[in-house]
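Visitor: Pulled these from TrEMBL:
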ACT_SITE  400  active site, nucleophile
BINDING   273, 302, 323, 373  S-adenosyl-L-methionine binding site
COMPBIAS  1-17  compositional bias 'Low complexity'
DOMAIN    11-71  domain 'TRAM'
REGION    1-25  region 'Disordered'
C-alpha cells in the first residue's frame, strides 16, 4: 500500500459522514480501500468503483481509518439487495458480502488471493475461486433439502452447519457486531446463512423466558449476557450445546459427521468444517495433489479428529497424526481404530513434535508425504523448516487465510520447494473467507 499523504487539518470526527468517495480495490478482510483527503479508509459494505458516503467507525490509527458505506451514490453492477436485514452498517459482523452478487463474491476473493500471493510470496497467479455445491442429499436437520447448484443454497444462504450465538438474561440470542463486543439481536427468521435447523437459536433455549427483540437491536445494552449457545446441524441430527443447567442448550456430548466414506466422532464444540461439502471437497483436493501410493509414509499435521489421516490410510499409507487438542486426538483414535498400526497419533503441538529428539513421542526424520492444515495463523517458519528437513516428495497445505498461506509459501520456496498447484474454494458464501489447498513439491 503506498504511503498516505498528509491529511488536511479539517478532519471529520468518528461517526461523521465523509465523501463523496470513489471506492478502490478489495482488500484482505472483507473491506475495500478508499482514500479521502490523503487518508486511507478501509470501508465495508462497498464495492470497487462505487461512489459512496462513508461513516467513520474507527479513527484510532494514525495511518488509516475504518468506515462503513452508508449511502451508495453510484452503485456497482455487482451490487444486489442484502437478504439479511441486520447485515448492513452497524449490524451483525458475520457476513461481509451480502450486498454482492455470488459470482462477484468469488471474483473478489480471487483478487485478494492473487494480491496476497504476489505481495508476500512473489507469485503472479490467477486462481479462480471454485463454486462448491452442497451435497444433493442432506438430512432435513442439515443445510439443504434436495439438490443445489450453488455454494450454499441457490442464493448462498442456509449452508452453515455450526453457529455460535450469544444469549442474554432475557432469553434473546444474537451475534456480535463487527469489531465489537455488542450483540445484535437476530430477526424473526434467524440467521440467513445458518442451516435451517439451527437458524433460530430460540429453539435451543430452555428455562429462560424468551423475549422478542426488534431486528438489529443491541441486546447487551439493556441486558446481561449469560452464556453461549452452539447450534450444530450434523449428519446425526440437530444439536444445541451450551450451559444446560442455565437453560442454554440440552447436551454437551460428541456428535457424528460423515465424510470421505467414514463416520467421524467430533466434540460438539470441537472443530469441523462448517460447509456440508467442505470435508469431502478438501479430502479430494488433498488426495489429488499428493497422489499417494500404497506403502508410503505420511504426516498429518494439525490432524484434528483424523479426516486426512483416514483418507491417506484408505489409500494404503502409514500415517502419523499430530494435534494439540487431546480431546480431538481421543476422537481420532476412536475414528480410526480399524487402521491398527497404520495410524499413530500424538497429542502435542506440531512445532514441538517436529523438533522433538529421537525417541518416544518423536516423529521420524523422513517421510514421503505431509498434510498441513494449520489454524488461521498458518504453520510459520519453524514448522516449514522442520517439514522440509524430512524431505517429503509432496506436501498438501490446507489454508483458510490467504495471507498466512502466501507467507508460508515464501518460506517453502526459500527452502528449495515450489508451488505445484493451487485450488481455492468458496466454502463460506456471503463472507470474505475462502479455503485453499496448495500442493508443494521439491524444486
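The backbone N, Cα and C atoms fix where each Cβ goes, glycine too.
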Visitor: The domain 'TRAM' (11-71): mean pLDDT?
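Guide: A mean pLDDT of 92 is what the predicted model shows over the domain 'TRAM' (11-71).
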Visitor: By DSSP, what is the split of the domain 'TRAM' (11-71) into helix, strand and coil residues?
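Guide: Counts, helix then strand then coil: 0 helix, 39 strand, 22 coil.
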Visitor: According to DSSP, which of helix, strand or coil covers residue 373 (S-adenosyl-L-methionine binding site)?
Guide: coil
Visitor: List, in sequence order, the same-chain residues at least six positions removed whose CB sits under 8 Å from that of residue 323 (S-adenosyl-L-methionine binding site)?
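Guide: Sequence-distant Cβ neighbours: 302, 303, 304, 329, 332, 345, 346, 347, 348, 350.
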Visitor: List, in sequence order, the residues of the same chain other than 273, 302, 323, 373 whose Cβ lies within 8 Å of the centroid of the Cβ atoms of the recorded S-adenosyl-L-methionine site.
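Guide: Here the nearby residues are 271, 303, 304, 307, 308, 374, 398.
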Visitor: Per the record, S-adenosyl-L-methionine is bound by 273, 302, 323, 373: how many Å separate the farthest pair of Cα atoms?
Guide: 16
Visitor: For residue 323 (S-adenosyl-L-methionine binding site), just give me the three-state DSSP call.
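Guide: Looking at the DSSP assignment, residue 323 (S-adenosyl-L-methionine binding site) belongs to a strand.
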Visitor: Fill in the CA-CA distance, residue 373 (S-adenosyl-L-methionine binding site) to residue 400 (active site, nucleophile), as an integer in Å.
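Guide: Checking the Cα atoms of residue 373 (S-adenosyl-L-methionine binding site) and residue 400 (active site, nucleophile) gives a distance of 9 Å.
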Visitor: Give me the long-range Cβ neighbours of residue 273 (S-adenosyl-L-methionine binding site): same chain, 6+ apart, Cβ under 8 Å, in sequence order.
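Guide: Residues satisfying the criterion: 279, 282, 427.
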Visitor: So if I measure Cβ to Cβ from residue 400 (active site, nucleophile) and keep only same-chain residues at least 6 apart in sequence, which ones fall under 8 Å?
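Guide: Set apart from residue 400 (active site, nucleophile) by at least 6 residues yet with Cβ under 8 Å, we have 376, 433, 434, 435, 436.
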Visitor: Within 10 Å of the Cβ of residue 373 (S-adenosyl-L-methionine binding site), how many other Cβ atoms are there?
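Guide: So the Cβ neighbour count for residue 373 (S-adenosyl-L-methionine binding site) comes to 22.
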